[in-house]
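*Asks:* Checked Swiss-Prot, it gives:
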type    : residues                 : note
BINDING : GLU51                    : thiamine diphosphate binding site
BINDING : ARG153, 261-282, 304-323 : FAD binding site
REGION  : 397-477                  : region 'Thiamine pyrophosphate binding'
BINDING : ASP448, ASN475           : Mg(2+) binding site
Amino acid sequence: MEMLSGAEMVVRSLIDQGVKQVFGYPGGAVLDIYDALHTVGGIDHVLVRHEQAAVHMADGLARATGEVGVVLVTSGPGATNAITGIATAYMDSIPLVVLSGQVATSLIGYDAFQECDMVGISRPVVKHSFLVKQTEDIPQVLKKAFWLAASGRPGPVVVDLPKDILNPANKLPYVWPESVSMRSYNPTTTGHKGQIKRALQTLVAAKKPVVYVGGGAITAGCHQQLKETVEALNLPVVCSLMGLGAFPATHRQALGMLGMHGTYEANMTMHNADVIFAVGVRFDDRTTNNLAKYCPNATVLHIDIDPTSISKTVTADIPIVGDARQVLEQMLELLSQESAHQPLDEIRDWWQQIEQWRARQCLKYDTHSEKIKPQAVIETLWRLTKGDAYVTSDVGQHQMFAALYYPFDKPRRWINSGGLGTMGFGLPAALGVKMALPEETVVCVTGDGSIQMNIQELSTALQYELPVLVVNLNNRYLGMVKQWQDMIYSGRHSQSYMQSLPDFVRLAEAYGHVGIQISHPHELESKLSEALEQVRNNRLVFVDVTVDGSEHVYPMQIRGGGMDEMWLSKTERT
């Protein structure tokens, strides 16, 4: 039997779990693990410049691949710096395992140097936290951590490791468990047959049905089953911000994103529907607006693997607890047996109404402006990448422009902080994606506010040769804050103008990368093409685009209104 120290057990456990990359930053409490990483080998470690970025990188990897991202940080400030990244992953149900160092067990509770209660601090934003107290427990705890992170509704798991249990002088037998189970945790994956049959019958009988798809559909990997179901029943589809890509955006039945900045046709279809078939969604406030006015005539069918998400905000008339992929497979089997296809004549009038809403062309903008419109930047990017890039974003107007003007036809291509809305997410997430998928085109869409939250990771990108394209929509404002101030606060721009911005091109060059400035509309196509060519030649390129600072994101739902109440421009509302 192999004899290993606690630190060596950590590394061997990661290897036995199939982990290839770890993102982290060393410190006193985890130096034994870092020494084991060096001596044992087998794992690529990415040395970040800030622990928050380490978590975002692991998060980006997890979103793009479906694998569990792994982070290693030291105790005290190393652990607390990771919290924002952990909370970001928690809100979006992303599987992570975060290994945090801790002071020796004999010092816990005595305010030792770099001590903090990581289990207590992280508890509200993790799926589970472990404090490992004995060296021999390390393999079993890590096996449980990965299983918890990836199963059911995924999420981050923290494993807190006191320094003394990692002692390289203390060797114990290493046994990697073949399987793991937890008596109090057994997520339901197969849907109830009776409920599925009721849901299908309700869908077939509907006159104004709509399918509402969220991030849970991407997690479940049900895009093919979803497409087959939707096409068989001729159903219109809307997606949440997190669900973009679960159903092809260029498909004729796709109506785009719904919610606060959703398309006119998506929001109107939701509001007027008589049946809503919700797949892997939370019905969060950014998609419902005023619950008292929400979809007043709709029967709600809701599939979700997390029973606590069903009827939490919107009551489900037919709840189905289970994995979305398995439930849709069950539904397709039932559909084939009963041949219960939606007669086209039954919802022809509904589709005619939807096409009238679609004809409103809610995403049109001024294409002849002398200033660069942010919408044009995203559309050009989509065209030049043939819609096949992995796109990460930060948070703000640029995030909404990317969501609306870059149609995603594949899952896991759109990577953003939807729930927590974390500025500074985009760049490190892009680096995590590129680390996992080196042959793919990876683009970070950001803004002059967000990019400065984690811009130090340009150094990490250089060290590990991670050629991504960074597109900075520079409007010299905190754009979304300014938009709200324009619309709600009578144009009082309190602390939303970004003074003393750096020269981003020269800053990128100082970090060892290529910087490109775009200031005029006629430069957009050629310089973005040049940037993508440089990326293909293994260079990170930072493109600073001077965009129209007065531009707003539309549509925008009216605060306190129903799904059908929107601003379509600065002067037009429904």
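Positions of Cβ are set from backbone N, Cα and C atoms, glycine also.
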*Asks:* Give the residue from the binding-site residues GLU51, ASP317, ASP323 that has the most other Cβ atoms within 10 Å of its Cβ, counting over every protein chain displayed.
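*Replies:* Sorting the candidates by Cβ neighbours within 10 Å, the top entry is GLU51.
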*Asks:* With DSSP as the yardstick, break the region 'Thiamine pyrophosphate binding' (397-477) down into helix, strand and coil residue counts.
*Replies:* 31 helix, 15 strand, 35 coil
*Asks:* How big is the gap, in Å, between the Cα of ILE305 (FAD binding site) and that of ASN475 (Mg(2+) binding site), rounded to a whole number?
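*Replies:* On Cα coordinates alone, these residues lie 41 Å apart.
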*Asks:* Distance between ASN272 (FAD binding site) and the residue listed as 'thiamine diphosphate binding site' at the Cα atoms, whole Å?
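*Replies:* With the alpha carbons as reference points, the distance is 46 Å.
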*Asks:* Which of these binding-site residues is closest to ARG153 (FAD binding site) if you go by CA atoms: GLU51, ASP448, ASN475?
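*Replies:* Nearest by Cα distance to ARG153 (FAD binding site): GLU51.
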*Asks:* Write out the long-range same-chain contacts of ASN475 (Mg(2+) binding site), meaning residues 6 or more apart in sequence whose Cβ is under 8 Å from its Cβ.
*Replies:* PRO374, GLN397, GLY447, ASP448, VAL547, ASP548, GLY549, GLU551
*Asks:* What mean pLDDT score does the region 'Thiamine pyrophosphate binding' (397-477) have in the model?
*Replies:* 98
*Asks:* Whole-number answer please: how many Å between the C-alpha atoms of ALA266 (FAD binding site) and GLU51 (thiamine diphosphate binding site)?
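*Replies:* Here the two Cα atoms are 39 Å apart.
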*Asks:* Distance between ASP323 (FAD binding site) and GLU51 (thiamine diphosphate binding site) at the Cα atoms, whole Å?
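*Replies:* That separation, Cα to Cα, works out to 33 Å.
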*Asks:* For ALA278 (FAD binding site), what is the secondary structure state per DSSP, taken as helix, strand or coil?
*Replies:* strand
*Asks:* Provide the three-state secondary structure of GLU51 (thiamine diphosphate binding site) computed with DSSP.
*Replies:* helix
*Asks:* I'd like the number of other C-beta atoms within 10 A of the C-beta of ARG153 (FAD binding site), please.
*Replies:* 17
*Asks:* In which DSSP state, out of helix, strand and coil, do we find ARG153 (FAD binding site)?
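*Replies:* Coil, per DSSP.
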